[in-house]
């Protein structure tokens, strides 16, 4: 779509024909400023929270090591969003289960699948051979398994953690999806039906912790066998964390208003709250409050720069901006048009603020890792702009190679680690800068998920070719065929990601850092599930954000 807009270049006004995104305005405006004076848990809530935590800790410690009770308790604690309180206890229990895995692989379908999933989820590679006992002579899963609904659901969740070459898990996934869909209309247990419906769309492997926690608390409350201590602790903890997150968003909203970018850059998506939601999906724990704010600021600028390259900037302007980013010096802004000067100077200011904040911990040198990744992202955006203006449709190989940069996920991973403390060492930053396979798989997943749901709208306004157009052009297939193939490619990259998760040396790259990579990928799965929910947040994402960041659990 072409639009005549008046823009300022140098020191005089000129009329330039530009594309328009026609994005809807922010849905939230000043809403979160109302929480500026919000206080955390009062003394009574803090005491209640600590008391409940200790009760749950005792339950966890006292549960017999080799029991289904222990497995189900760990699973419930994690699904209720409480796992971060008991990391050492859970780690110890799962380490024990890993060393005694053969003893756990002789139970029923539910027990075996649950143990398998909990271990793989934690980074322990265990064999899937235990599921062979549930297949017949032809290698198909036995039909009588459909009577065990709980076991079927557990097998479905376990199979999501498959890697390449695990045919039995590929079959398990197809089998459970088909059977659970058939079972659903016949279930008299509405709570279980709701849980299965949610799982079929949002399996645990893909789940954003805070989103799934809110839903699981509701499911758990409906379960007649729920534990009142666990339920009360989950509700209280959810609300205490939500209060902290509201306060953080209040701070971010104040920062956003101070930037005044909305009036200066009307073409860009104004999505501060959605950016924060993305970062909250990366890590929600209270100790990462500063890290979340840093990541939100950089995410916000990635979005603005993306829109600048995608729909607004002319090639000569984008050339100047790319060169300025490479120089990374305030003097480089002098050659930029006014709107780009504002973006550039504000971006450098944000990084200066982050550097000063990290200087208190003698970690300011780490900022250069994020800056270097920002340069790579901008180079990727510029390459897409050159393809667009040159009317070139790249090959899939060319597009995907560039997609590592344009996904911005190495930049987000690197930035997410900046304020995580001593766990994020220089060795970890050096590692991620080499573009290891687990990170590349994450980049490819986000790139392709985004393209599947956004390419039609982007083509209407005249964007560069997405993966869909590249695939259609290279292989002479229809849009529908390209979609099917790209979905298969995404599934293979998830297998890559799962496989690499087991290979990474967690002494050098601790699990808490790897989870940022995995959680960023999960957010992408959620945001791009049915639509581009980031761009069109008024459709469905608004209600989810309200559940997570506005409305407490009563």
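Going from the start of the chain as shown, residues are counted 1 onward.
Keep in mind that glycine also has a Cβ here, set from the backbone N, Cα and C atoms.
Secondary structure at residue 306 (Mg(2+) 1 binding site), taken from DSSP and collapsed to helix, strand or coil, is helix. Annotation comment: Swiss-Prot describes 306, 310 as Mg(2+) 1 binding site, evidence class similarity to another entry.
Per Swiss-Prot, Mg(2+) 2 binding site is recorded for 306, 310. Around the Cβ of residue 306 (Mg(2+) 1 binding site), the number of neighbouring Cβ atoms within 10 Å comes to 18.
If you look at the motif 'DDXXD motif' (306-310), the same-chain residues 6 or more away from its ends with a CB under 8 A from one of its CBs are 21, 265, 267-269, 318, 321, 340, 343, 378, 381-382, 384-385, 408, 458, 463-464. Residues or ranges marked as motif 'DDXXD motif' by Swiss-Prot on the basis of similarity to another entry: 306-310.
The annotation Mg(2+) 3 binding site is assigned in Swiss-Prot to 458. Cβ neighbour count for residue 458 (Mg(2+) 3 binding site): 21 (other Cβ atoms within 10 Å of its Cβ, all protein chains included).
Residue 310 (Mg(2+) 1 binding site) sits 9 Å from residue 458 (Mg(2+) 3 binding site), taking the CA atoms of both as reference points. In the predicted model, residues of the motif 'DDXXD motif' (306-310) average a pLDDT of 96.
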